[in-house]
Amino acid sequence: MQPFLSFSPEVAAARAAGKPVVALESTIISHGMPYPQNVQTAREVEQIIRDGGAVPATIAVIGGKICVGLTDEQLELLGQSPEAMKVSRRDLAYVLSQNKLGATTVAATMICAQLAGIPVFVTGGIGGVHRGAETSFDISADLQELAQTNVAVVCAGVKSILDIGLTLEYLETKGVPVVSVGQPGFPAFFTRESGFNADFQLDTPAEQAAFIQTKWRLGLQGGVVVSNPVPAADAMPKEEIDAITVQALQEAAQNGVTGKKVTPFLLARIKTLTQGRSLATNIALVKNNARVGAALARAMVEYPTA
Amino acid sequence: MQPFLSFSPEVAAARAAGKPVVALESTIISHGMPYPQNVQTAREVEQIIRDGGAVPATIAVIGGKICVGLTDEQLELLGQSPEAMKVSRRDLAYVLSQNKLGATTVAATMICAQLAGIPVFVTGGIGGVHRGAETSFDISADLQELAQTNVAVVCAGVKSILDIGLTLEYLETKGVPVVSVGQPGFPAFFTRESGFNADFQLDTPAEQAAFIQTKWRLGLQGGVVVSNPVPAADAMPKEEIDAITVQALQEAAQNGVTGKKVTPFLLARIKTLTQGRSLATNIALVKNNARVGAALARAMVEYPTA
Amino acid sequence: MQPFLSFSPEVAAARAAGKPVVALESTIISHGMPYPQNVQTAREVEQIIRDGGAVPATIAVIGGKICVGLTDEQLELLGQSPEAMKVSRRDLAYVLSQNKLGATTVAATMICAQLAGIPVFVTGGIGGVHRGAETSFDISADLQELAQTNVAVVCAGVKSILDIGLTLEYLETKGVPVVSVGQPGFPAFFTRESGFNADFQLDTPAEQAAFIQTKWRLGLQGGVVVSNPVPAADAMPKEEIDAITVQALQEAAQNGVTGKKVTPFLLARIKTLTQGRSLATNIALVKNNARVGAALARAMVEYPTA
Ligand SMILES: [Mn+2]
Ligand SMILES: [Mn+2]
Ligand SMILES: [Mn+2]
């Protein structure tokens, strides 16, 4: 077994019993939401997964180990520590070998989930191609990870601050399937429609599981984007969020915010400019994804082997 | 063995006897040519491969199976069914798990050929970097497949509607070798010269096979582009096809044709604007590639093992 | 064992004894420096590695074999033969199967080092994203190799003629870690600072080895950039080298120099325009990298196995 993995008792028991497990990331805790909503949301999302018949496995790097399943103390630590590093593929060996505290991004959580044998992962939105990437080459490592790591990622689309059209082109080139749930359209995180369609609509967990299992049995390496729109009652008005996103992007450019700092800056600005309503929508969509992810994890376990 | 593969009796017998086999794609049948020329051409191309001492294996997804080698009825079905899906890497598990009819692109045919142990694949032209991809990011999944899947693709270059220079740069970055046959120049599908050179010229099947086998014995994953110019007697005048291609691209932009629909639209317009002569050239170059592919498949079998 | 590998007696003995080995490339000999400085520098760099407690393994393709460790005669041959091909990933099987003389680039040397089981490689500067690649798509295969091949590359940054910012974005997307030694800043080949930071600073060989070993034990395929700035006493004035680089790039564009010919053209022009001082700096930085590489190779051997 991987020497770097450390399972919580709950996750270890689920693995031993062959029960469905759902991976969860931790940058949403450390960098995506303010304290104490971050920790509270993490616990509520975990409970939704349990209520859905699966076991949650929040992933983070603590004490030189990849912790799969976190204790209450570990969740608090991540939720409050300003020194928690945002860990992507390139950073994972660094935080482990230097014994630092690390919160895993979508890319790193996919890697750790695959190492731990967990094929379903729930998040809010994945990274993608940044606006202006034609000249900046700023493209999230999440997309490259989806091209190579065998984990299905349940999300509400790509983060709204990105260029959705270019992200979908990039995924097409890499052969990453983009599935939608409940509608043909690919969602836009805070809203249900992006103006683009997913590759295919698969509404039931059984269909989704059959597709994913078929992909991997063919030996086709890589993940699957399972895009799940925010519930209509929780969505933001499209015109409002679009205008605020443009404003936040302009402010980031004016203030010289670049690289890893862009996403937290924009999310913070959007939260302020929406007077907190973006945070409520963000929490609602993650919980909605947790329901879909738990059902998918169960269907994956129930899918006939060979 | 792969549970999704279904071999025709002819291909199964060839495999059992260790005879050379040549893979053929099926989007050229379903989306590349009109009925009945598509089915007729498919049969003629298969016969050229048999005459060249190899066994043809046209590949398509039918009834939840990857069919390697098609019956006459299956060829007719693909040639006439409007619902046949164009299947690339991302779509393969979808058509299989949803039991849909699928015609395989270059990317998906490479995947299926590798699964079936067929190292040589004949097509007309490969996908590539689309004109305007600097800002659209529209890059065919075929290039990514060439970077990772061990199949030699005999073609007359990239489809003429693409940006040939950018396609060659992309292949260079990915380490995909571009071989030319009979001339140093990389051909331009309807014409023999693109203005760019291939990486190396390898004229004999023995040299081509030695190169390909050496690549794979080194463990260098990925395909090889074996570019073979259209016979001079069948080529189109360069000025004419260039002007018509520009016109068709403008019409596509004016009509808002995007994504997977661009290539069939352009090929249809080019066919109309050339009064059918582009189709004749297309058929001629595929047959010419079949001759080169059959000889290469034989040389691959004859190449000494270790 | 790989049938294409041929070890020199010195390298074979080191392998048998489990001693640290450092790989060295050969395009720096054939295309990077003029004769006789190229051969003389190669020998001096090899001696620095020996003095540092490791065994040098200069790599080239000669007589249908990948030679790992070169004799004096082979070094002279590479240093003087105008027909030595510059060999990247796509070319490796060609020079082997056609029995040609080949000097290995960073990408091809990484491949050969991995085949030979050598995890540390010393060079001057790696390839990267060329200036103007937003529209030319001219991106070195070295970056793609770093994304997939398990070799640590000690260098003084990317070649100064490239776009450093875009190169770092590309590496981030691919998940390739960029380590710096002795300073947080990522160096700029002829100068110590590029204006960009590396991902992390790891000053001691033990820390570097722990990071690299952890990466590979996690199963994270790909290389590591170990960037080591040129010694201050040997660096060029930043304003001078920047102005000369811009001038050389303009001359290349004016003279229609493209593709593989750009780098040698620019390095030759920069050498002339600096009246040879760029060559002295280049030699100094390679020797400095050899010291760091030898120490790292020793630390890699000493790192406890699980
Ligand atoms: Mn970025
Ligand atoms: Mn496309
Ligand atoms: Mn290039």
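Glycine residues also receive a Cβ, built from the backbone N, Cα and C atoms like all the rest.
Predicted automatically and left uncurated, TrEMBL annotations should be read as such.
TrEMBL lists A:Lys86, A:Ser140, A:Ala141, A:Asp142 as binding substrate, and of A:Val68, A:Val106, A:Val120, A:Val122 the one it places in that same site is A:Val106.
In the three-state DSSP classification, A:Ser140 (substrate binding site) falls within coil.
Put simply, A:Glu25 is the one of the recorded positions A:Glu25, A:Asp138, A:Lys159 whose Cα lies nearest to the Cα of A:Lys86 (substrate binding site). Rounded to a whole value, the Cα-Cα separation of A:Val106 (substrate binding site) and A:Glu25 (active site, proton donor) is 6 Å. Note: A:Glu25 (active site, proton donor) has non-local neighbours A:Thr58, A:Ile59, A:Ala103, A:Thr104, A:Thr105, A:Val106, A:Ala108, A:Thr109, A:Phe121, A:Thr123, i.e. same-chain residues 6+ apart with C-beta under 8 A of its own C-beta. In this entry, nothing among the recorded positions A:Glu25, A:Lys86, A:Asp142, A:Lys159 has a C-beta under 8 A from a C-beta of chain C. For the substrate site, whose binding residues are given in the record as A:Lys86, A:Val106, A:Ser140, A:Ala141, A:Asp142, the maximum C-alpha distance rounds to 13 Å. Taking Cβ-Cβ distances under 8 Å and a sequence separation of 6 or more, the neighbours of A:Asp142 (substrate binding site) in its chain are A:Thr105, A:Val106, A:Ala107, A:Met110, A:Ile126, A:Gly127, A:Gly128. Checking the recorded positions A:Glu25, A:Lys86, A:Val106, A:Ala141, A:Asp142, A:Lys159 against ligand 1 with a 6 Å cutoff on the Cβ atom leaves no residue at all.
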